[in-house]
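Chemist: Sending over a structure as structure tokens; questions will come in a sec.
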Amino acid sequence: MAKNVVVIGAQWGDEGKGKIVDWLAEEAGGVVRFQGGHNAGHTLVVGGKKTILRLIPSGILHESLDCFIGSGVVVSPEALLGEIDELNAAGVKNVEGRLKIAPTCPLILPYHIALDQAREASRGKGKIGTTGRGIGPAYEDKVARRAIRAADLLHPEKLREKLDAVFAYYNVQLQHLHNAESVKAEDVMAVIEKVAPRITPMITDVSRVLNEKNKNGEKLLFEGAQGALLDIDYGTYPFVTSSNCLAGAASAGAGVGPQMLDYVLGIVKAYTTRVGSGPFPTELFDEVGAGLAERGHEFGSVTGRARRCGWFDAAALKRSIQINGISGMCITKLDVMDGVETINICVGYELPDGGKTDILPCGSDAVEACKPIYETMPGWSESTFGVKSYDALPANAKAYLKRIEEVCGAPVAIVSTGPDREETIVLHHPFA
């Protein structure tokens, strides 16, 4: 029987999922994106060469591997084709032949982007921190049952009628609520006519193919985007993304039964980061935080925005472990902690009423009111960069990892000590 693995970000995103998915893909028969859009990038380094993927699964660099975009993903056709062109230019073989898109994927079109950007501009100081790429409005259309989906590209004779109804809805909002320019039907149709000939050959019944692969004993790898603490239901709402980022979303977003999900690997940075607005209890505003940002190259791969940095938040991670059923953790960027003399781990929070909790509360207001409770540990001066053996790690680094396990209640399965595929320590292989 095949063993299937779900990879999710266990913090606020940017944990290093792309590298680990690329590494695990060596043993997979298919890699599947199941939620999100092109609002976050996954950075891969293979042989010193960097590749940034936004929509295409991180297994695409393995040139015999099939990759899938499930119905839980909102797809910008223009962004997708741009990404394919980048991979083709880099010499990656048969990208369009190996990439399959579910017919039920909602499409991101110019009016989604226009509304997303107009809304964010009108929020003033209350900005959520959206990337302005149309992700939220596309998910709104899905729920409101007015989405244009990938399958609609196969029926151009019916598509224009659907679009006319959508234009009326969007242009009222753009013009009258946000004082922005309307979107012209001919501009959107021009985009669709340009992308459809390349998109339609990739449209496939993804759910059926994945289930067939599973029956044939092939291992499947489900790749999440963003992070659990940005989940639309369980994140620090409203400072969240527009989709469910949890392991459970892999089932609905890919079209497989939950019994097919055997192992949940939570990707966890050795410190904590967050992009954009929203509460962040362990955020650092001193030279330690600046040092983490500099050594960790903490800038968004898609937006270029600087990431906020802070101490490891075990209480937040406990919430993520709980809501995802994490089987094992992969600790990334351990090498960024090299040289930090004294390390703090947040093990809980003081609450406004004088009480304490050892797990992240629900909602941004409750999290904003939390004051972190720290345990202090000695750091290490030795370099962990590129170390490939657990025994070769400094004693204090091993003690740090052990304490994370103890406080969070989940085992460390993998340790990443650098951006390259090979800079990885394996304690327990998720596919084993």
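Here the Cβ of each residue, glycine as well, is placed from N, Cα and C on the backbone.
Per Swiss-Prot, active site, proton acceptor is recorded for Asp14, and the stated evidence type is sequence analysis. Residues annotated as active site, proton donor in Swiss-Prot, with sequence analysis given as evidence: His42. Annotated GTP binding site per Swiss-Prot: 13-19, 41-43, Arg307, 333-335, 416-418, in sequence order, evidence recorded as sequence analysis. Per Swiss-Prot, the feature IMP binding site maps to Asp14, Glu15, Gly16, Lys17, Asn39, Ala40, Gly41, His42, Thr131, Arg145, Gln226, Thr241, Arg305. Positions annotated as Mg(2+) binding site by Swiss-Prot: Asp14, Gly41. If you look up Swiss-Prot, you'll see Ser301, Val302, Thr303, Gly304, Arg305, Ala306, Arg307 marked as substrate binding site, on the strength of sequence analysis.
What does the local environment look like for each feature on the list?
Modeler: Using a 10 Å radius centred on the Cβ of His42 (active site, proton donor) and all shown protein chains, the other Cβ atoms total 25.
Every protein chain considered, the tally of other Cβ atoms within 10 Å of the Cβ of Gly41 (IMP binding site) stands at 19.
DSSP classifies Asp14 (active site, proton acceptor) as coil under the three-state reduction.
Long-range Cβ proximity for Gly304 (substrate binding site), meaning a same-chain Cβ under 8 A and a gap of 6 or more residues, is found for none.
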Chemist: Work out how many Å separate Gly41 (IMP binding site) and Asp14 (active site, proton acceptor) at their Cα atoms, rounded off.
Modeler: 8
Chemist: Near Gln226 (IMP binding site) in space, meaning Cα within 10 angstroms, which of the recorded positions do we find among Gly13, Asp14, Thr43?
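Modeler: Hits: Gly13, Asp14.
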Chemist: Compare all C-alpha positions of Asp14, Glu15, Gly16, Lys17, Asn39, Ala40, Gly41, His42, Thr131, Arg145, Gln226, Thr241, Arg305, the record's IMP binders, and send over the largest distance in angstrom.
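Modeler: Spelled out: the longest distance between any two Cα atoms in Asp14, Glu15, Gly16, Lys17, Asn39, Ala40, Gly41, His42, Thr131, Arg145, Gln226, Thr241, Arg305 is 34 Å.
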Chemist: Hey, how far is Thr417 (GTP binding site) from Asp14 (active site, proton acceptor), Cα to Cα, in Å?
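Modeler: The separation of the Cα atoms works out to 16 Å.
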